[in-house]
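Working notes, beginning with the structure itself.
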């Protein structure tokens, strides 16, 4: 994806507020207050990254903020510096509403120092009251332990909240102003591919862009692509992409010449779709200056079925490759591309990528397998039921689990940590199977792999409900291993040409997490995103910034971090979330 330049990156603004009384009070606090700001900046600049791998940049106000004039000067500087979220820090009393961040669209947090010499907690409470009264929700950060006035260390509980806020806030700011590109329209009546502009504009601050799938066909026919890159890609594909089982009847199988043409077309489709999203300067040198610009798309969706796939190769290869962290150009950040133009799953993939820097798995929530059903079909009885996540398209090849952590365990890494060796192992453990003719008459190549077990994943999904708006579902759990013969039997009766993840959610014994069946039964749509790691708490924080209520999750209550104003909407966390989101409304409305 085209990278942001150093000058226009989203930055995190640090606002050191102070007691404005001169002639002794303010002067005695300057050093401590500035040190707090510097320590927060240092923490964030060594722990939070942009998705292109570089560490986040922080901007500290030119002076401490003791009143409205300095608050306004800080706001002006932050506008010039492209600050997208702010953290206010103070060890002392300050003048509440005179010193707060008043920007209605920027996520904001306040860290009030827990010390006895000066009332940092009192300012924190006063400022938060002002934020709530003005309808500008802010996050409260206050350590559990009293610190000495000269202690420059950030306590672990404070660090956790600062980092969670920063990850979520940076995601909010980074997607604002970008585009979602619909390539095609509604796929097979799937609700997620009925693109809802109000959701994108009012909740995410994003544009909607549209091109007909014929634009891909036009570029194929008129050779509007970089032929040198196509040649490189085809050579790379020949070396690293191995064909898998062909389950089609003999009359529907393609010969070697036809398969070569198929490979050439799907490679070109991949390059063309990327160019549609983010542009390609090389096209300008070919006298296609308009096409060279792209659509400023941070995410996209490809309709495919059925208007394209009944006649032309499906998008499985391009979706899988673009969503992965590796191709013929080497290791790079993934491009977010949803199969069947499921725009809501695309946003889930975008959230997961922005929070982690990692590639995402797009999947159908295909089958709940109970213990009895597995035993009846295979003769083997598992410890519990599990869910089969499988889809022909947008599962990143990183989902094989062929990356390794420091202990040698299977994992998924952010692009900046992926090695060439790990990327190649993902390819070695993937086969490209000819598309099933009955589904895809135009042919295609689907990735076939099995996700290794023992990897923590967070399954999540945004759904739109008329009269309510968007809601978010979250289920943290793990991939599991099945005995090879059991996997083969279950996979072959489903679709052995597609990628599979066997998933077990973490159960609570209550509600939607009473058992594995309940998770599947309460899922709100046919698709989900699987993000590596247990990131439900980060998703909850992100959703609260956008005013999207969470209808289902298995995250521990102690890890739920939302704006302090939510506390005014009752004591039940789920209910207060709905009431607060309804009260404050979409972030950009």
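Here the Cβ of each residue, glycine as well, is placed from N, Cα and C on the backbone.
Taken verbatim from Swiss-Prot:
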ACT_SITE  340  active site, proton acceptor
ACT_SITE  364  active site, proton acceptor
BINDING   340, 364, 527  Mn(2+) binding site
Any idea what DSSP makes of residue 527 (Mn(2+) binding site), helix, strand or coil?
strand
Three-state secondary structure of residue 340 (active site, proton acceptor) from DSSP?
coil
Fewest Cβ neighbours within 10 Å, where candidates are the active-site residues 340, 364:
364
For the Mn(2+) site (340, 364, 527), what does the 8 A shell look like? I mean other same-chain residues with CB within 8 A of the CB centroid.
190, 192, 339, 342, 345, 362, 363, 391, 393, 525, 526
Which number gives the other C-beta atoms within 10 angstroms of the C-beta of residue 527 (Mn(2+) binding site), all protein chains shown included?
26
Please report how many Å separate the Cα atom of residue 364 (active site, proton acceptor) from that of residue 527 (Mn(2+) binding site), as a whole number.
4
May I ask for the distance between residue 527 (Mn(2+) binding site) and residue 340 (active site, proton acceptor), taken between their Cα atoms and rounded to an integer number of Å?
10
Where residue 364 (active site, proton acceptor) falls in three-state DSSP terms:
strand
